[in-house]
Each structure stands twice: as C-alpha cells, then as structure tokens.
C-alpha cells in the first residue's frame, strides 16, 4: 500500500515537472517580455517613478533598458514603446495585434468599457464605424462643418473684441468656441457663451483633464483598486465625470421624447434611430449605455484637446514674437484683412501650416497616448507579449525624436519647412496617434486649428503682461495630458 502511494506521488511529481517543462519550453520558444526594472509585490516599480513627471520618468528608464521595456505601474504590467521606429512598428506594421484598448483608470470609473473610445472587440469596431459615418453625414470633412467653424470663429472674434484689449485668461474663451463645434454636431445646436450650465460643463472637463495629469492622477493609474475607495482628489474627479454623464443622459432623454426618425437633427438622433433599427438584434451594440458614453467621448475629446492646443499655441507665439510677425505677414498677403479665412487657404500658407504643426509637436497634448492592449499572443521584435498585455505608445517620444527633428526641445516652425520655405510633412508627426485606434476626429481638429488660429491672428496682435524672455512655456502638469501654465494676455485689434 505504501509502495503504491509513493509510486502515485512520484508519478504526480513527474507529471508536474513535465507540465512545467512544457510551459517553460513554450515560453522559451515564443520569447520573453521586454526587459525592465525588477518590480516589488503590489507596488511594482513605484519607487523608480516620479508621478509628478511620469513621462520623463519612463523616458529615463528607456535610457537604460532600450526603446521597448516593461514597467509595473503598481500591479499593472505595461510594455512601453519609445521613439518613432518602435511606435510605428507596433501601431502600423502590427496594427491589428496592437488595436486593443488598455486601461485609463480615471475614465474607466465612468465608461467601464462602454462608448467608442474605451471599448474593445466588436463593440469598438461597430461604434467607431458608426461614429465616423455619422460625423461625415453631419458635415465633418465637408463644406458644412467648415461653415459651422467659421461661424463660431466669428463669435470668438466678437467676444475677444468685447474685452477691449484688457488682460484676460483665454482658457474659457477658447474652450467655449471649440466645444460649440462638437456640440452643434452631437446636440444639434451651439450654446450661448454666457450659458451658466455650459460654463459649468467646461469647468468639469478641464478639471478632469487636469486631474489625470497631476501626481495624484498618475498615482490613481497605479492603485485605482484601492484609491477608488479612499477620500482624495480622485473623488472630486468622479463627481465631475458623473456630472457630465448626467448632462448627456438628460440630452438623450430630450431627444427620445422629440425624435422624428425621418429627420435626424444630430448625432444623438442618428444613434437613437439605429437603436430602433436594431432592437431585435440580440448582439446589437446600439443601446442607451453606449449612446450616452459615445456622446460623452465625443464631447470631452472634441473640446479639451483642441482648446488646450490653442491655449498653448498663443503662449508660444507670445514667447516668439518673430514667429507671430511672420504669421501676420503671410495672412495679410494670402487672405488680406477683410475676408474670412477658408480651409483651402491652407495650401497657400506653408508658414502657418508649419507653425500649427510645431505647436502640436511642442505642446504634445497626449504624450503617452491612450493605452493600447495586444489582442492576442504577439511576437514583437525579439520579445513575446502575452494576449492582454497593456502597451504605452509614447507619442511624445516620437514628436521629439532627434532623427526627425533637429532641435526637438526647441519651438521652431522650421522643423516643418524645407530649404525653399515649403511645408514638409514628417513621419514623426503623430499627435493624433496612428494605426487602427488613431483619433477619428483628426480631420475636424485640423480644420478647427487652422481656422481658429488664422482667424484670431488675422484680427489681433497678442500681448503678454511679461516680456518674451520671461514667459515660461514649460508645462504646468504632464501626465495623461500636457497642461500649459495659467497665463493672462491681451488681444489687441490690428
């Protein structure tokens, strides 16, 4: 009896060893994860990271471990990609494998995998296809949306003239303008600039954007499972997100009550009609939760990124008055002072185009991109990334890649001009990301940036309360987003 028991134990031991050897051989044949600092239990590599400067911390680690490395953000294992080559190889050359969406802990509190931006699989595919088609139907990429942007630019010019050249904080002047463009698409109408609810919504969006870029926001990315139950600034961020969700839900309810299926007024109507068409489809992704969350995606994404870029842009132009002077000269020569700028003017304005590109490159609004996730076991270079591995494509490292930009730390529009003064494209210009999950609002954002910058510069000179040499263009926060410092300025009529 004893002998048979020992034989059974021996067989189990042998079987266990064989299984472990088999797993080890498979891992060995597939390869290993990229190198990285050794993590501690639960806290991961927290001790090697500065949450005040997360982007810089990760770039510092890449100096030791190379352009592809593994980091543990608390219990989260993330593979980080640095530089043009690594990011493009992953997001373009292996686009399908890297097209999953990773975690964005603060936003996940409200979105929970719903909506077009933070979803995965068939849901992401269906909602993205629908959103792109519907935005196109409502004029994005066509003359219709250009007229809407021009109209809103006119409201902005009137508001800035109304300041009488006084020193102002431009933050909400710009965010009101940008937000009204996406509002006209998703809600069917613009807000009055004095609308208190509108201003409250803009403050909510700015507050969330800023929180995700602070030290606490980055700490939450690591330890959300614990911090979501604790008091702290994250609870205020949750309240802001909830306030935005409630506002969108209220808008959706209004549209449901007043819907005419034969005459959609806006994005919400179009989604509601699609819901009716698919109500008998058990696998449909067109239901109320995805409508509210997709609308919220568009509202936040269509407001904060462009308005932050404008805010950074005016600061950079005041820092570099020689650039502002050249912009004025080109506008006066190509457009003049009497007619409104058109998007087609862009083709004749290489300097303005270079300036806007350089503002986006230098401003680097989303430096670590939205996290990706590999959809299946993936071989990348000499490494093996198991299915579900999260990936940070460091867009900022591409925008500052010295192989493409001669002085990447400096603001210099020459980065996008050839020796003849003609605009030149760059493969490393990736502020909208690249690949299958790039920003599908890129066309709208490009049109807004050109028309808003050009219209403002046609009508005003920019004046800072500081001399150019004293203007600080380093960011206030760098986390999920890059947040420029608060500043005041005057818009002086030309």
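Heads up, the Cβ atoms here are built off N, Cα and C, so glycines get one too.
The annotation substrate binding site is assigned in Swiss-Prot to 107, 297. In the three-state DSSP scheme, residue 107 (substrate binding site) is classed as helix.
Within 10 Å of the C-beta of residue 439 (heme binding site) there are 18 other C-beta atoms, taking all protein chains into account. Marked as heme binding site by Swiss-Prot: 439.
For residue 107 (substrate binding site) paired with residue 439 (heme binding site), the C-alpha to C-alpha distance reads 17 Å.
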